[in-house]
Structure formats: C-alpha cells, structure tokens
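Per TrEMBL, the features are:
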type	residues	note
DOMAIN	6-121	domain 'Acyl-CoA dehydrogenase/oxidase N-terminal'
DOMAIN	125-208	domain 'Acyl-CoA oxidase/dehydrogenase middle'
DOMAIN	230-378	domain 'Acyl-CoA dehydrogenase/oxidase C-terminal'
Amino acid sequence: MDFSLSDEERAIRDTARQFITREVVPLEQEALRRERAHRPGLDHSELRELQLKAKKFGFWGLATPEEYGGMNLPAVMQSLIWTEVGRTFVQFRFGGEADNILFYANDEQKREYLVPTIEGDRISCFAITEPGAGSDAANIKLSARRDGDDWVLNGEKTFITNGNDADFVIVVAVTDREKGVRGGGTTAFLVDREMGWRSEFIQTMGEGGPASLIFEDVRVPSRNILGEIGQGFELGMQWIGKGRYLIPSTALGIAERALGMAIEYANTRETFGRRIGENQAIQWMIADSEVELEAARWLILRAAWTVDQGADPRHASSMAKLYGAAMVNNVVDRVMQVHGGMGYTRELPIERWYRQVRLMRIYEGTDEMQRLIISRDLLRGYTKIGGHLS
Ligand SMILES: Cc1cc2nc3c(=O)[nH]c(=O)nc-3n(C[C@H](O)[C@H](O)[C@H](O)COP(=O)(O)OP(=O)(O)OC[C@H]3O[C@@H](n4cnc5c(N)ncnc54)[C@H](O)[C@@H]3O)c2cc1C
C-alpha cells in the first residue's frame with residue numbers, strides 16, 4: 001500500500017501552495033479589516049483579478065472538462081488543491097468553475113449559462129432548501145405550473161449561498177405533485193434574476209451570508225428546463241454530493257494552518273517562567289489535533305479516490321464530511337484554547353475560523369444526516385464494514 005503522492009500530484013500541490021502563500025495570504029490583514037467593517041474581504045473584481053493571475057500559473061477550472069478550457073483533474077488532485085485553498089481565510093477559489101449539474105445543459109443553455117459561468121461573467125446559485133424543507137429535501141413545495149410554453153414558479157427557497165450576488169439560479173421545483181419528489185415529480189430550472197425572483201440577505205455568524213429567494217408568479221420559458229422534466233431531485237442530490245469531499249478538504253487546510261499557529265505559540269508564549277508547550281495539558285491538545293487531522297486526511301482522500309475509481313462515493317464521502325467537519329471544529333477550538341485571551345481577539349483569525357467552521361457541521365447535509373446515511377448503508381447491507389478492503 002502506497003500512501004505517498006505521485007511526482008505530478010506533489011508538483012501541482014506545491015504550485016497551488018506557492019500561489020496561495022504569495023498571492024492570497026498577504027491580503028489577509030486587509031480582508032480582516034474589511035470584514036470587521038461589514039464589507040466583503042475580497043470584492044468580485046479583486047477575486048476575478050486573482051483568478052486570472054492563477055490562470056497564468058495553470059490553475060483554471062479544476063473540475064472543468066478540457067473542452068471548456070479546464071484542467072479536468074482527478075478528484076484526489078482537486079481535494080489536495082482545495083486543502084491548499086483552505087489554508088487562507090480570504091474567500092478565494094480558483095476560477096473557471098461551474099456547478100457540476102450545469103453540464104447537463106443543452107447547447108443553447110451552455111452558451112447562455114454554462115460558458116459565461118466558467119468564464120466568470122455570470123454568477124450562479126443553487127437552490128433546493130426551503131423554509132419547510134432542509135434535511136428533508138424531499139419535502140420541497142416551491143411549485144412550477146405549466147402555462148402554455150412557460151412555467152410559472154411560486155414559493156420560497158432559503159439559505160442560498162451566493163443568492164445575493166447571483167444573476168441566475170438553478171432551482172429545483174415541484175412540477176408534478178402526484179408523482180412526488182422521489183418519483184420524478186420535480187424539475188430543475190435555470191431562472192435569471194431578471195425573470196422576477198428577488199433575494200433577501202440572511203445575517204449569519206459567518207462572513208458574507210446566504211439569501212432567501214422569493215418567487216411570486218415568476219414566468220420561465222420551457223427552454224430553461226435543465227436536464228429532463230422529472231430529473232430535478234436527482235440533479236439536486238448530484239450537486240450536493242460533490243461538496244461532501246471538497247468541504248472537508250478545505251477543513252483540512254484550515255486545521256493544518258491553525259495547528260501550525262498553536263505550535264508556534266506554544267513554543268514562544270511563556271507562563272510561570274517556561275514555555276506553555278512544556279505543559280502536558282498543551283501537548284495533549286496538540287497531539288489530539290494532529291491525530292484527528294491525519295485521520296480526517298485519509299478519510300477525505302479515500303472518498304476522493306473512490307470518486308476517481310468510478311465507484312459510488314456516497315458512503316465514503318459521508319464519513320469524510322462527518323469526521324472532517326467535527327475534526328476542524330475540535331482543532332480550531334483547541335487552537336483558541338492554546339492562545340488563551342489572544343485567541344478570542346480579532347487580532348488573530350482564530351475567532352473567524354471558529355465561526356466559519358461551525359457551518360461545516362450543518363450545510364450540505366448535517367452531521368445527523370451523514371450518520372443517517374452511514375448507518376442506513378450498513379443496516380440495509382448496501383455497504384460492508386471496512387468498505388472496499390473487506
Ligand atoms: C450558510 C448556509 C449556506 C447554505 N447554502 C445552501 C445553498 O446554496 N443551497 C441550498 O439549497 N441550501 C443551502 N443551505 C441549506 C442547508 O443545506 C440546510 O440548512 C441543511 O441541509 C439543514 O437543513 P435545515 O436548516 O432546514 O435544518 P433541519 O432539517 O430543520 O434540521 C434541524 C436539526 O434537526 C436534525 N434532524 C433533522 N432531521 C433529522 C432526523 N431524521 N434524525 C436526526 N436529526 C434530524 C438536523 O440534523 C438538525 O440538527 C445553506 C445553509 C447555510 C446555513
């Protein structure tokens with residue numbers, strides 16, 4: 001069994017690290033200052049500029065097929081790069097990406113939505129969650145009623161990332177109540193903001209914030225159906241599935257950086273005439289963090305590897321998401337403890353991570369939903385204990 005990275009993986013990972021360290025990390029202090037003034041740490045044009053700079057380094061469209069100018073990287077490579085991105089709290093991501101399900105678009109939709117999203121000229125958001133349907137996504141109610149060659153959408157979506165900035169939404173609506181959500185009764189639509197939906201900002205404990213999207217008789221032409229009629233829920237689950245190994249990949253980067261800060265602090269801060277790192281209480285926090293971090297790393301890479309094998313990644317991804325999210329919350333909490341009062345201040349980014357990582361246990365499937373999936377797979381015999389090695 002070989003746990004080492006290939007030369008190519010190491011080279012790409014190191015170049016990503018170099019880019020983040022040289023180009024993004026230096027923006028952190030300014031980002032913190034702006035966020036404290038309730039402004040975005042990085043505005044859209046600055047993000048774009050950085051993404052174009054990264055393109056020159058070769059980073060463009062990590063998951064995007066080559067025919068659209070992307071790198072089409074294997075999932076393991078993508079995971080390694082997202083870990084590097086996680087090392088900075090500046091809200092940076094590499095450009096040239098689009099929602100995975102936008103590739104189901106037909107040729108006309110590809111020109112109108114997919115390509116401009118990849119190019120960064122349009123901003124998308126994805127909406128399935130509603131005020132009455134989160135974990136229980138199959139309970140969505142937002143309706144689309146056929147009217148001639150159009151569909152008329154009514155209802156509300158909530159907690160939608162990018163919902164304030166997006167100029168179009170991929171929204172999952174109920175098109176056939178009789179069939180039900182799991183029986184082919186839902187459809188995904190591409191809906192421009194100009195067609196009439198509006199967004200309302202939701203304040204959260206994190207920076208930025210999602211939005212509620214309100215649809216009141218929003219008229220959408222049939223040509224804006226994404227994929228097939230009846231395929232909406234399936235597309236929604238595909239969209240959510242992708243994040244389940246990428247979210248913990250960024251968690252890994254956060255934990256690595258934060259733990260590094262704790263080690264440095266433990267080696268310099270003195271109390272009672274000696275460095276705090278000489279106390280077992282501090283050493284144990286560092287040791288526990290390293291063990292959890294490594295355990296999460298292998299769960300995450302295994303989930304990504306499962307994707308690359310073309311096997312069903314759901315079980316492995318749920319374990320990676322559940323454990324990775326818990327790990328980063330534990331590590332950031334300990335890192336704050338090691339820093340004492342300084343950890344609680346806004347001089348350092350630790351309190352910011354503390355607020356940011358809490359979300360990882362909630363969105364794209366809560367801890368409880370991941371446990372439900374993992375246990376259901378075992379109880380119903382879909383997966384064997386020990387997975388592919390059993
Ligand atoms: C910042 C942010 C960004 C988001 N971005 C998006 C987005 O872009 N698009 C989108 O569609 N959605 C998005 N979401 C929604 C997110 O996916 C949901 O919040 C999440 O799925 C949980 O749903 P809920 O909030 O309705 O909680 P609920 O489903 O009401 O759950 C409440 C609690 O009960 C638990 N629970 C529920 N059912 C069970 C059960 N059967 N057994 C045990 N425990 C249970 C849950 O785990 C949770 O702890 C976002 C949310 C946030 C906060």
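Note that Cβ sites are derived from N, Cα and C of the backbone, with glycine treated the same way.
Because the structure is a prediction, the values reported are computed rather than measured.
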What counts of helix, strand and coil residues does DSSP assign across the domain 'Acyl-CoA dehydrogenase/oxidase C-terminal' (230-378)?
124 helix, 4 strand, 21 coil
Three-state composition of the domain 'Acyl-CoA dehydrogenase/oxidase N-terminal' (6-121), taking helix and strand from DSSP:
76 helix, 0 strand, 40 coil
DSSP-derived helix, strand and coil totals, residue by residue, for the domain 'Acyl-CoA oxidase/dehydrogenase middle' (125-208):
6 helix, 39 strand, 39 coil
Could you tell me the mean pLDDT over the domain 'Acyl-CoA dehydrogenase/oxidase C-terminal' (230-378), as a whole number?
96
